[in-house]
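Asks: For reference, the structure I am asking about is given below.
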Amino acid sequence: MMTERTFSIIKSDAVKRNLIGAILTRFEQNGFKIIASKMVRLTREQAEGFYAEHQGKEFFAPLVEYMMSSPIVVSVLEKENAVKDYRTLIGTTNPETAEEGTIRKDFALSQRENSVHGSDSIENANREIAYFFTDCEIFER
């Protein structure tokens, strides 16, 4: 098995409710190493750029506004099967249908305010990591 990296966002709703520590703890309890992490406040340009694939969809503008509404915490996580395991840990986008014990089931408020984002492929993880981090901000552990 190869060690993989994935990208995580602790979103505005979770940051506002002081859930950063609880969510980071879940990452570590599930075998992820946090090899980079920082709090950022997205500009409109950053939010639109990050979600560019959704431009033109009806939820794009509200999503951009939501992601700009308060700081977020972006992280790079590492472990074997990181992308798949992280997606399992966070649960489905809609917290109502997420499995018990997942981050979204436990913390999300709604489908939009779903507390976390996770890369859906290794390719997207690499792109998303590079969007927020330089190589010198990522530390092997």
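Just so you know, glycine gets a Cβ as well, placed from its N, Cα and C.
For reference, Swiss-Prot lists these features for the protein:
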{"type": "ACT_SITE", "residues": "HIS117", "note": "active site, pros-phosphohistidine intermediate"}
{"type": "BINDING", "residues": "LYS11, PHE59, ARG87, THR93, ARG104, ASN114", "note": "ATP binding site"}
Asks: According to DSSP, folded down to helix, strand and coil, what is ARG87 (ATP binding site)?
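Replies: For ARG87 (ATP binding site) - judged by DSSP and reduced to three states - the answer is helix.
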Asks: In three-state terms from DSSP, label ARG104 (ATP binding site) for me.
Replies: helix
Asks: When DSSP states are folded down to helix, strand and coil, where does PHE59 (ATP binding site) land?
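Replies: Where PHE59 (ATP binding site) sits, the three-state DSSP reduction gives coil.
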Asks: Across the record's ATP-binding residues LYS11, PHE59, ARG87, THR93, ARG104, ASN114, the largest CA-CA distance in angstrom?
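Replies: Greatest Cα-Cα span of the listed binding residues: 21 Å.
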Asks: In terms of Cα spacing, which of the binding-site residues LYS11, PHE59, THR93 are within 10 angstroms of HIS117 (active site, pros-phosphohistidine intermediate)?
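Replies: Candidates kept after distance check: LYS11, THR93.
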